[in-house]
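Database features (Swiss-Prot):
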TRANSIT   1-10  transit peptide
BINDING   H210, D211, H214, E226  Zn(2+) binding site
Amino acid sequence: MLRLSLLRSTATLPVKCQRRGLILPAAAMYTLGSLIFGKEARLADAMERGELHNKNVDYAKEAEERTELRIRALANTRPMEPRYNGHVPLHRYEKLLLFAISGWNSFFHPEDGYNIVQLGEATALPVFLENLKQTMLSDSSGRRILKEQPNITTEILHMDKLAKLPHNTFGYVYYQWLKRENVSPDTRAPVKFIDDPMHAYISKRYRQCHDFYHAITNMPIIIEGEITIKALEGANLGVPMAILGGILAPLRLKKVQRKRLYNIYLPWAVRTGLSCKPLINVYWEEMLEKDVTALRKELKITLPPDLRTMRKERAALRKEIDAKYNSQKRATTPA
């Protein structure tokens with residue numbers, strides 16, 4: 001009996017050892033998992049209750065102070081303190097870099113308005129802006145604009161009212177032009193790199209009035225239209241960037257576009273710019289209910305040939321010529 005019992009015990013020993021070998025690692029894994037995941041669960045609960053943070057510390061205030069320190073550190077690298085909201089003072093070498101980079105980008109990517117804006121500020125020399133200020137000070141409307149410093153926005157212009165004006169008014173013409181070109185007066189970028197606050201406002205006013213020049217001359221915002229209006233601004237106001245644009249921008253156009261500009265639109269822009277009233281002195285917001293034809297006559301602005309119509313006529317002519325060519329080609333090609 002004793003021998004039989006020993007044999008049975010010996011036979012079952014490997015099975016028990018095997019079970020123990022499985023149970024011990026499983027228990028170890030369970031214990032380790034409980035420690036890890038239990039700790040994470042307790043950590044999450046503590047975070048939710050706010051027990052992890054020092055309740056005596058104002059974290060929002062600390063973040064604000066860190067931001068203020070970074071701003072001060074950056075301000076210490078500037079040549080002067082900001083002189084108006086959004087002003088970014090630049091060193092001379094930074095202004096030269098801005099001119100070089102924005103000029104390069106404007107030439108190769110004129111469709112990007114941000115490049116044009118930067119080039120405009122880089123070339124807006126104080127002597128030019130001071131001359132423009134004197135032009136405004138010499139005129140009663142210009143003086144009022146400088147004193148009141150109006151800001152042109154859709155809210156100020158009341159676009160819903162412009163849509164209901166008589167069709168012969170400048171306001172309705174302007175409203176229709178905005179709709180046709182799918183633009184808004186609210187999209188004008190703020191001035192940042194001009195140091196003198198008054199000069200900055202004059203630059204802002206010039207920028208915001210740009211669409212009025214387009215509307216009163218019925219000029220679209222395609223590249224040819226933009227070059228034409230820039231040439232008008234250059235002749236009328238002496239804007240350096242506008243003069244550069246009128247000279248250099250046509251070089252990248254197609255031959256037919258350059259021909260249109262050189263033969264029709266640039267001569268018109270220069271003549272009109274030199275003969276019409278300084279457009280920077282026009283209080284456009286007060287002209288919206290005026291008859292557009294009378295306003296053009298008052299400002300001595302004559303309309304150029306419709307650029308949209310000329311482009312459509314040329315496209316139709318080219319389509320007709322292509323159709324005739326293809327028809328003749330098919331007729332002469334053997335079956």
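Placement of Cβ uses the backbone N, Cα and C atoms for every residue, glycine included.
Taking the features listed in Swiss-Prot, we show where each one sits on the structure.
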residue	record	Cβ contacts under 8 Å, 6 or more apart
H210	Zn(2+) binding site	R188, I229, E233
D211	Zn(2+) binding site	Y174, W177, L178, V183, P185
H214	Zn(2+) binding site	W177, E181, P220, I221, G225, I229
E226	Zn(2+) binding site	P110, G245, A249
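Neighbouring residues of the recorded Zn(2+) site, listed in sequence order and excluding H210, D211, H214, E226, comprise F212, Y213, M219, I221, G225, I229 (Cβ within 8 Å of the Cβ centroid).
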